[in-house]
Every structure is written in structure tokens, then in C-alpha cells.
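Worksheet: the structure to be examined is printed underneath.
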Amino acid sequence: MINLQNVSKIYRSKHGDVNAVQDVTLTIKKGEIFGIIGYSGAGKSSLIRLLNGLEQPTSGTVEVAGRKISEIKGKKLRKARQEISMIFQHFNLLWSRTVRDNIAFPLEIAGVSKAKRLERVAELIKLVGLEGKENAYPSQLSGGQKQRVGIARALANNPKVLLCDEATSALDPQTTDSILGLLSDINERLGLTIVLITHEMHVIRKICHRVAVMENGKVVEEGDVLNVFIKPKEEMTKRFVQQVTEPVETKETLKHFLEETTSGRTIKLTFVGEAAESPLITQIIRKFDVEVNILQGKISQTQDGAYGSLFIHVDGRENEVNDVVDFIKSRQVEAEVITNV
């Protein structure tokens, strides 16, 4: 569906060149939700603008839905963009138009008849859950409702690809989850390919099938979301994964505990799939002469299965504690002894 081959984008100015995107090669499959994550300045937004031709690459090729976006211009590019829609962080609605008229706007531009516009708008309003808000203006809507209008408008011309540029960054956590749920539902119902730009690993974990991590214009890591969570390779990726698995509260708890404890071992357990649901701690207590203290834990769902982490403290004779670590590993659970945070 989307292929990028050795794509680079350099912005030139009198103050010097900025290498926004550097030699990126990516393949995004039809019907998947693909996440691109990175901090500010990583090159995410520049990359997404290359996908719909808002920017042209300095080198390399960009192909979307069978068209080489990097090589077409004018009427052909405008036609290609009808198959590549986009939603934004700040909604970009027309404030003088109602919900109905905002959604109808791209259909008007495309020359669709009024009767067909009204029919399509009614379908989209139902799809995004805005029944009863047809005649409301953007100023009368919540942030989540505004983004739903943006999504409906983006879907008006039946695109093959939906680009989401920090689409949930301006929303509160509960509203973020509702919008992510809507995008996931649309992906399943319509088979729509979604490319999602974010700086929040929670967003990636929640709905993406695969993810690419960007730093300084480069893709430093790429893979299935569950695999990236289990075994992140790059330091940048590890920091993002820790947003979900080791939030600030967890680090504070561990730091305090390690400072106060002089015996035993503090162990981080990492569970994947069915192992996340096994009664491992009960088995340890029954099998070994040790004391087990559960410090903190969390199980999260990804599109490919469950992933969990649990921090425990095991105290007892050294040989018994060592046997516990070996036992944990024999149950297809990773065990890492924590000495500092």
C-alpha cells in the first residue's frame, strides 16, 4: 500500500541545511494501522507530509496506493490526494459551518450532487457517533466531538489511506481512548490503512499493528508492536516503552524500595501472551522457601496479545533466590535483577 525507498528531505535556508528525513525505507501493508513515534524534531511530521505530496522528497521515492507521489504533479497529484486523507491535532474545522456542512465540504469540492452529499454525510455522522449534532457548530462541540467531525470529513471521499498527525495530542486521556477506539473500529470495518504519528507510546500500544521509531530524521527501529515492547533494541525505543511499562510512579517506588532494602533481590518479570495470565507468584511461594513481596505490576493489551511487567522482591537464602530466578525463566518469563533505577 505504501512504499518509501531511501527517502530524504532536506530543508535549505540561509542559516544552513536541515536534514528532516534521512534515508528512510518503509513498507506499510494494506489495511494495517502503522505508528510512527518520535520526540519533537524527529522528522515525523515531515515524513507524513511526504506521503500526501505536501512536501516533495529531496531524494528517494514515495509510492502510495500504486501511485508514485514523489513523481506526479498538478491534476494527477490532486487526484491521488483524494485517496489520502488526513486528520490533525487542532481539528482544522470551518467554524462558520455546521457539523453537517463541515463533513460535506470535501464532497462539494469533488462535485458530488447535493442528494448524494446528504446521504454520504448521514452515513458518516452515524459511523463516528455524532447523531443529534448535525446542526451544531464547532464552538458548541467538545474536543473529542471536533475530532470526530475531522475523521468523518477525512472519510468523505472514501480514501484508501488515513494519515493522523498527532490526532489525540490535544485531548484528555479518556477522550484519547475513545478516538483511538473509533479509529480501530474504522480500520476493521472499512479495511482502511492508517498511518499514525505520535509521541505517546500509549497510543501505539493501544491500536497499532506495527511501529517505526524515529530519531534525528532516521528510522532507528521498526517492527510488530508486541515484539518492540518485549525486546526494544535502541535506547530511544526503550525510553518510549518505559512510558507504558515503567511510568514515573513505578520508578519512584523502586528507587525508594532499593534504598531501604539491604537483603534479597528485586526482580522485574516480563510476561508475554498466555504467560501473563499464569499464577507464577503462587507457584513460587508454594515451591520455594522464600518471601515474595509484590511491588508493582501492570498488564497491557496490544493488537497482537497481552504484555505485562511485574516487579517483585524475593528474600531468602541466596541459593533459594537463585533457584527462583531460574524457575521464572523456565516458565518463558523474562527475569531481570534490578540493582538501581
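Numbers run from 1 along the shown chain.
Every residue, even glycine, has its Cβ placed from backbone N, Cα and C.
Annotated features in Swiss-Prot:
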{"type": "DOMAIN", "residues": "2-241", "note": "domain 'ABC transporter'"}
{"type": "BINDING", "residues": "GLY38, TYR39, SER40, GLY41, ALA42, GLY43, LYS44, SER45", "note": "ATP binding site"}
Output field, ATP shell: CB within 8 Å of site CB centroid, site GLY38, TYR39, SER40, GLY41, ALA42, GLY43, LYS44, SER45 dropped: HIS199, MET214
Greatest C-beta neighbour count within 10 angstroms, which of the binding-site residues GLY41, GLY43: GLY43
Lowest local Cβ density among SER40, SER45, which the record lists as binding-site residues, within 10 Å: SER40
The domain 'ABC transporter' (2-241) [mean pLDDT, rounded to integer]: 94
Nonlocal neighbours by CB distance (under 8 Å) for GLY38 (ATP binding site), same chain, sequence gap 6 or more: LYS44, HIS199, VAL213, MET214, GLU215, MET236
Site of maximum Cβ density within 10 Å, from binding-site residues TYR39, LYS44: LYS44
